[in-house]
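Asker: Handing you this structure, nothing more for now.
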Amino acid sequence: QVDAVRVYVNSSSENLQYPVLFVVRQQKGVLSWQVPLIFRGLYQRTYNYQEVSRTLCPSEPTPETGPSDQIIFVDVSSMAPFNIAYELLVTRLENFQLETNKAFTFTASPSQPQYFLYKFPQDVDSVIIKVVSDAAYPCSVVSVQDIVCPVYDLDHNVEFNGVYQSMTKQAAITVQRKDFPGEQFFIVFVIKPEDYACGGSVPSSIHGNANRTWNLQRTKNLQVTIVPSIKKSVYIQAMLFSFLSFLSFYLGSVVVAFVHYIRVRRKALAGRLSPEDGSGIVTSSHPIAASTPEGSSYGAIDESSSSGGHQLSSPERGLPAGSDTDSSVEEESDFDTMPEIESDKNVIRTKVFLYLSDLSRKDRRIVSKKYKIYFWNIITIAVFYALPVIQLVITYQTVVNVTGNQDICYYNFLCAHPFGVLSAFNNILSNVGHMLLGFLFLLIVLRRDILHRRAMEMKDVYTLDYGIPKHFGLFYAMGIALMMEGVLSACYHVCPNYSNFQFDTSFMYMIAGLCMLKLYQTRHPDINASAYSAYASFAVVICLAVLGVVFGKNDMWFWVVFSMIHVLASLALSTQIYYVGRFKIDGPDSDLGIFRRAAMVLYTDCIKQCSRPMYMDRMVLLIVGNLVNWSFAIFGLVYRPRDFASYMLGIFICNLLLYLAFYIIMKLRSSEKLLPIPLFCIVATAVVWAAALYFFFQTLSSWEETPAESREKNRACILLGFFDDHDVWHFLSAAALFFSFLVLLTLDDDLDAVRRDKIPVF
């Protein structure tokens, strides 16, 4: 045991011009202070204390000299021209050295800080210092410092050395043996003179003598417990668990692919399908009717119009399916600038009942190239976005390690396991699922793409008129987005805080947007948004998210502008969806043309003759969608949520879920089937998302509050002694997103043997 001495002094003098000076001289250092002891706060406020108690830096006996008496000199002086009474008391501390797994309770105040010694046991390489208090205030600071004299134990110098945290009710610091060559350290407890640093009230600005406070009672009861942290074997178990859990998805995918191959092989032997076919497209033995399909006469479209889709596809049939040339003849703009094709679009797309053949009239190779741009663009975006992010979070982590200020990053300190230079390796490791499952999804899409191309080469050209058009560019982009979500979420969790939260959400916006685009593209392959306009829209969304983080807390003007943009964007998008992209801005007053035309349509269809909408199903979807979005806009305007990034993400997710539910309902209404695999994926998606959201709402920290208030929400690990609730959210959300992608990939597999002029559009 190491003995320590504590010096208590008290003086009745309130004369700040002639304070009493105390100087304590020891073998290894000098400690001095004055009475009244003065602390400074905001607005030049001062807090004066006449009672001061300080612990002297202990001198541990060496093996060479053995135990010996400590000689301490205490000098008391004052420049006052009159006598000043004071009291001096020196005591020996009985419990200066803390023990492992043993709670110790004590009291501290601004003028009477406390610190204690801890030595690592032989079999312990890492410990967690847990400090709790029943009262949130007064605000306090917990610091871990090396065995160096003097010890920095006052408010104005506690941040000069070691690692420190501000604290209200709870604090936790993980300390590793390798960081302290002497295998021991001091734990310092300082009470701050004001509470604003911990989220308390900010003192008002008062001038004159009223700006001085004497002997303010700011005593706090604290309890400290030092417990061993996890061993290295737990790190290995956690890494094996993380990788093996998601590698099991690879094994499951291989099993499903093998079973599918066996089934196709058996059908091939029965003469129903070719063994190379992996997409379920029917063979050329199916008859192709040359006449107009039944039911396609809606909207006064004659036979020649209905067969127009076959005529437009004729260039493709004259070439091999795999010959994707770069000839300028194949550019999409050639189709859009031909007036007869434009006229044909206007006639066909305004039919009351649309079929897939009406919206898949462009050359398949040109449309596929258009959607491949999504893939290449998102790779470019990912590289340019991720590199500065990685550089920034490395800088954040370096600042934390160098300064010791653990208020910079909002970790769950009760379950933050360091590894190398990283402070919370578990929060980074748990994101491996996004990267592994994103890569697996890319492999699944690649397999489907290869099998589809092989089927196109082996089959008769007329099989192009069956099933949903197979364009895989958006699926590739979704896989890359899922992988990048894992990368950027890991970057955010290197040092989670207010200024870099958008790293964790940027690709979530893109994932939700790409899923909606893919769902719409399924039955509208010719009129979906281009990659350039889609990514430009995502860029606007991310800009709004950044502005919301900066201005969304207190500025009412921002919420008014954002709500107006939200409502107008919802109306404009609804118009384009309702009219299948044929609602154009034309006329000499093009700036106001869209508003004039919208007002005219509203007057004609809803006021002058309140008739049944031409496209009832679309109208129901858009009415519900607009009500949801307007509700979000009103909620934001009234409550102004502080977490604007999550608010934006909620808008995207609700719109995606609404559209997916509408799509599945309309699919079932159209007497289409859900095959076992997509049905399983839908059920798995719902179950896993429900479990994931439960853990997501288990708030473990919050950068909307001060670091000290955020630590009140910290909780212990719940999985393998290594992962906390948020890590489980990472695991489950990665699986949920993967199953969600599989739903979009397999949802319409039942239509592979159905003619496109029999597949309704909704």
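Cβ coordinates come from backbone N, Cα and C, glycine included.
Those TrEMBL annotations? Automatic predictions, nothing curated.
TrEMBL lists these features:
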COMPBIAS  304-314  compositional bias 'Low complexity'
COMPBIAS  327-336  compositional bias 'Acidic residues'
REGION    284-336  region 'Disordered'
TRANSMEM  238-262  transmembrane segment
TRANSMEM  374-394  transmembrane segment
TRANSMEM  428-446  transmembrane segment
TRANSMEM  474-495  transmembrane segment
TRANSMEM  501-520  transmembrane segment
TRANSMEM  532-551  transmembrane segment
TRANSMEM  557-580  transmembrane segment
TRANSMEM  619-638  transmembrane segment
TRANSMEM  644-665  transmembrane segment
TRANSMEM  677-697  transmembrane segment
TRANSMEM  728-747  transmembrane segment
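I'd like to know what surrounds each of these features in this structure.
Answerer: Counting same-chain residues at least six beyond the ends of the transmembrane segment (238-262), those with a Cβ under 8 angstroms from any Cβ of the stretch are 278, 426, 429-430, 432-433, 436-437, 440, 443-444, 447, 677, 720, 722-723, 731, 734-735, 738.
Packing against the transmembrane segment (474-495) from elsewhere in the chain are residues 371-372, 374-375, 377-379, 382, 385-386, 389-390, 393-394, 396-397, 400, 408-409, 422-424, 427-428, 431-435, 437-439, 441-442, 445, 501, 503-504, 506-508, 510-511, 514-515, 517-518, 521, 730, 734, 737-738, 741, 744-745: each is 6 or more residues past its ends and has a CB under 8 Å from a CB in it.
Within its own chain, the transmembrane segment (501-520) has Cβ neighbours under 8 Å at 374, 378, 385, 389, 393, 474-475, 477-478, 481-482, 484-485, 488-489, 491-493, 528-529, 534, 537-538, 541-542, 545-546, 549, 577, 645-646, 648-649, 652-653, 655-656, 659-660, 663, 703, 737, 740-741, 744, counting only residues six or more beyond its boundaries.
Outside the transmembrane segment (557-580), and at least 6 residues removed from its termini, the chain residues within Cβ reach (under 8 Å) are 349-350, 354, 359, 520, 524, 527, 544, 547-548, 551, 594, 598, 615, 618-619, 622, 625-626, 629-630, 632-634, 636-637, 640, 651, 761.
Remote same-chain partners of the transmembrane segment (728-747), defined as residues 6 or more beyond its termini with a Cβ less than 8 Å from a stretch Cβ, comprise 242, 245-246, 249, 427, 430-431, 433-434, 436-438, 440-441, 444-445, 448, 475, 478-479, 482, 485-486, 489, 511, 515, 518-519, 522, 660, 663-664, 667, 674-675, 677-678, 681-682, 684-685, 688-689, 691-692, 695-696, 698, 718-719.
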Asker: Same chain, outside the transmembrane segment (532-551) by at least 6, Cβ under 8 Å from its Cβ: which residues?
Answerer: 373-374, 377-378, 381, 498, 501-502, 505-506, 509-510, 513-514, 517, 558, 562, 565, 644-645, 647-648
Asker: I need to check the long-range neighbours of the transmembrane segment (619-638): which residues 6 or more away from its ends have a CB within less than 8 Å of a CB in the stretch?
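Answerer: Residues 559-560, 562-563, 566-567, 570-571, 574, 577-578, 613, 647, 650-651, 654-655, 658-659, 662.
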